[in-house]
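Visitor: Here Swiss-Prot flags 401-476 as region 'Type E motif'. What Swiss-Prot lists as region 'Type E(+) motif' is 477-507. Taken from Swiss-Prot, the feature repeat 'PPR 1' covers 93-127. What Swiss-Prot records for 128-162 is repeat 'PPR 2'. Among the features that Swiss-Prot reports, repeat 'PPR 3' is placed at 163-193. Per Swiss-Prot, repeat 'PPR 4' is recorded for 194-228. What Swiss-Prot lists as repeat 'PPR 5' is 229-263. The repeat 'PPR 6' feature in Swiss-Prot is assigned to 264-294. As annotated by Swiss-Prot, repeat 'PPR 7' applies to 295-329. The feature repeat 'PPR 8' is assigned by Swiss-Prot to 330-365. The repeat 'PPR 9' feature in Swiss-Prot is assigned to 366-400. Residues annotated as repeat 'PPR 10' in Swiss-Prot: 432-466. Here Swiss-Prot flags 1-38 as transit peptide, drawing on sequence analysis.
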């Protein structure tokens, strides 16, 4: 294979200007290939190439080494230079192209590799099993599903789609492009999936919020006696955290200790996150304190854990410990701190942390940080300040920011502002049923029934759908899910009879169903009461009372914010039945014990 002399001379003239500034001594060196390993910058690499040209070295292996250096830690300059070298070759081979593809897959504009890929295909160079992983990774990074599908078809034509290197990257490409079902089709075609393939599919499910499928596949993997590795554990732990599956999480912890995975900081951090999200804060603290080395992610996980459990002071003290040990905070650290302040009404402390994040640590606020600030202000009743904060943001506000404020308007019964906020939301997204429900509840609370009916019609015309309330509880290693309304029409099961009896006992202790929560003008109070009774969290708690020994903590995970009526009922349940109830909703944790909640009724 020959390299174009004219192109190399062009490179040389560009590189020669750097010679006098270089730290590389080439005077007594005979083999420039050996110099590449000593190279520290693109500038020095250019000088080595200049020396090689002066020495009449036109070896393809030398140029391949130059390209490898450029693509190892790609920048715009290094990839531009590598491409110049590649295109200067009269007969590049697939090995050198693979090096280019690896570089582009790590680059800010990964899809630039495809113009080069088309060129080599036109030259009759066929991709191999090392080509597809890099190209598919580029598609995954760029969320380029169509290009990924074309690569999948090409890999099938070449008989490489079931290759051990290609399969996992195909699965990853599809899941990163949010086509999890296609990823599963790829997985199911593998005759004997290896650990790497299982990891790719389990990770894909976990990242796309499909934890049940992730855990099901993990159990299948165990049934085939395949040993999970660090990547497996990280994905399974995140799935346990999403579901609130504490029993399985504890088993994973035992497995990690037995097989020495607890030496990995990432595994410990995932364990902290899992235990905290499953409601076992003490276990999370225990893991953290036993860690020999704690990085930013570990500290942040603990700060977030305390915040979500309403332990604002401990969250802030953890931050002080972190700084005293010279660990640099990141954006997650400050999300935890802002949430800690928000959940406990510490407005001024929250403002201070937000200011510090920008001015002292140089962290650019993300939409999540702005959302935390809106939550901080509005939850404390500073609704107009929150509205002004959103209006003056340096970026375009998203519906999420306005929705945070709308929820606070409901909590503080501010109908006028809620109407203004709803208009801003509907300008951006009018398909979210929950927005209509919140506004409708406010109208009902203020006896404006004509507006309730009108809004329900608008919601129907726009085909806006409300996400149904869903609560889950783990009993004997099985996660059981309940949806609001289950059993309203035919409450004949043992569970529903037990729920009816439980509500009777609650009423004897002073429980009064908050029928103002049910927005149906044509319903009488008894019908509204039945609707409240079959909220998903009440069903899950009742299931826990029926199926766990006396004294066992009942742990429930809900996909929405817990309503006021269920919150009041849970407090009484903890008192009457002597059970601690840990409820994780979309906002935070509620620890109910002896008739009280850890949130202090501030949520």
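Just so it is clear, glycine is given a Cβ too, placed from its N, Cα and C backbone atoms.
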Visitor: Going along the chain, which residues at least six beyond the ends of the repeat 'PPR 2' (128-162) come within the CB cut-off of under 8 Å?
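Guide: For the repeat 'PPR 2' (128-162), the list is 94-95, 97-98, 101-102, 104-105, 110-111, 113-114, 117, 168-170, 172-174, 176-179, 186, 189-191.
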Visitor: In terms of Cβ proximity under 8 Å, which residues at least six beyond the ends of the repeat 'PPR 6' (264-294) contact it?
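Guide: For the repeat 'PPR 6' (264-294), the far contacts come to 230, 233-234, 237-238, 240-242, 244-246, 249-250, 252-253, 256, 301-302, 304-306, 308-309, 311, 325, 327, 553, 555, 582, 584, 589, 591.
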Visitor: Give, as a single whole number between 0 and 100, the mean pLDDT over the repeat 'PPR 6' (264-294).
Guide: 97
Visitor: Under an 8 Å Cβ to Cβ limit, what residues of the same chain, 6 or more beyond the ends of the repeat 'PPR 4' (194-228), are close to it?
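Guide: Sequence-distant neighbours of the repeat 'PPR 4' (194-228): 164, 167-169, 171-172, 174-176, 178, 180, 183-184, 187, 234-236, 238-240, 242-243, 245, 248, 255, 479.
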Visitor: Can you break down the region 'Type E motif' (401-476) into helix, strand and coil residue counts using DSSP?
Guide: 51 helix, 8 strand, 17 coil
Visitor: Could you count the residues of the repeat 'PPR 3' (163-193) that DSSP puts in helix, in strand and in coil?
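Guide: Taking the repeat 'PPR 3' (163-193) as a whole: 20 helix, 0 strand, 11 coil.
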Visitor: Using DSSP, break the repeat 'PPR 2' (128-162) down into helix, strand and coil residues and give each count.
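Guide: Helix, strand and coil residues of the repeat 'PPR 2' (128-162) number 25 helix, 0 strand, 10 coil.
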Visitor: Could you put numbers on the helix, strand and coil content of the repeat 'PPR 9' (366-400), residue by residue per DSSP?
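Guide: So the repeat 'PPR 9' (366-400) is made up of 24 helix, 0 strand, 11 coil.
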